[in-house]
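Undergrad: Got a structure for you, written out below as structure tokens; questions coming shortly.
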């Protein structure tokens, strides 16, 4: 079986062993049924996202598939899914969205994967804690506002591919151990396991950006990931090694509408992890797995459109941006501390957000400047290319929630004509201390970001996009399941600092 992408961007132009079948876009359940009848697909895999942002799934056989299933849904235990229901109200439904179907390039058995919406069977309504529903509501709020009809997102997900990872935590011990043949720490290693001797060409710290093979040992794996993503209907523009040593990578997707791009992010992570595993390696989207080198971000390019026009462009504006664009930036910067609870949602995220590693710790806007949180890329003067790059997010984020939160912050900025402040078109890290002190910074911890979210929820609750229940569940989950559990455990570096006190 093979799959190819249709020019429209649909993942549904397929050619399989049973013959050729072509659908311009799977807009209905009947399209899916038609596909299953005319190809050798044997399994349908239903995927959905839990509240923290990890894909869940179960698979069904073809005799169970019928048009009514797409309306009636399929039951599952919501109490076993992170951030969902309690046991006394655990019955939930998955309703497949036929427009998301793609022939799964990861599975050996011919499989059609479909992304699902979560439904409350008692209320017969979309489930408020379903991250995809939050993204859908954000797009609906945009249209209802009259400001624009479409929001495009183009995230740049960075990630590491390691040779192996070991970690553990017990009452009497705690450790992690990352290994990579590219790692700069391996210049003196006997690499008999790699064919004898040491062949050199290690990536030096912070020098991994763009060297060719043999320094870049992951070229072929990235190419395989890129082509596999295209088989799944995700359009890829470019891939390359990133700045850090030890296998940091970036594979850039072509922009798409908000919910569609969040779907693509889930496919992206799924494919990266599985292709790496095929090669005996492991991919991670953990923001900061290595000390003293660059971390992985998810810089998010975004723009608003109406009647085929990019509303962020103005030929006479600063950096060719419109007032509306700068108000949108104003909203992002004003609400950035609260946004970080969704855009940088792990304790590890804040080990990335420190000066010196191209991390956007300064809540300012600039053109070209990567030390600012909000940047206007200046690669092109085309009206269609004008966009905002918000650099604070990282790939540990739940894309549905992060994208929705950023859009709501930007729209709040437009509605209130929020001034983003004067642009800082210089290296902010080099500012004199008296000037740097006047620039707001991102929160220094997940705990601080959650506190900022608690104090600033009104912009998220507009249009009931983020319900109080979603916000409070998110905060409680992050504090109880992540922050508090880390606070209880000694850190290895504490032994270095304090064992001999």
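Cβ coordinates come from backbone N, Cα and C, glycine included.
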Undergrad: For the Mg(2+) site that TrEMBL assigns to 156, 158, 242, 250, 389, which of 204, 215, 279, 299 is also named?
TA: 299
Undergrad: Going by C-alpha distance, which of the binding-site residues 158, 352, 358, 389 is nearest to residue 302 (ATP binding site)?
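TA: Ranked by Cα distance from residue 302 (ATP binding site), first place goes to 389.
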Undergrad: Considering only the binding-site residues 294, 352, 391, which fall within 10 Å of residue 301 (ATP binding site) when distances are taken between Cα atoms?
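TA: Checking Cα-Cα distances against residue 301 (ATP binding site), the binding-site residues within 10 Å turn out to be 391.
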Undergrad: Whole-number answer please: how many Å between the C-alpha atoms of residue 295 (L-glutamate binding site) and residue 370 (ATP binding site)?
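TA: That comes out at 14 Å between the alpha carbons.
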Undergrad: Could you state the CA-to-CA distance between residue 250 (Mg(2+) binding site) and residue 358 (L-glutamate binding site) to the nearest Å?
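TA: Computed Cα spacing between residue 250 (Mg(2+) binding site) and residue 358 (L-glutamate binding site) is 15 Å.
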Undergrad: On the 0 to 100 scale, where does the mean pLDDT of the domain 'GS catalytic' (131-501) fall?
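TA: The predicted confidence over the domain 'GS catalytic' (131-501), as a mean pLDDT, is 95.
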Undergrad: By DSSP, how many residues in the domain 'GS beta-grasp' (39-123) are helix, how many strand, and how many coil?
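TA: Reading the DSSP string over the domain 'GS beta-grasp' (39-123) gives 16 helix, 36 strand, 33 coil.
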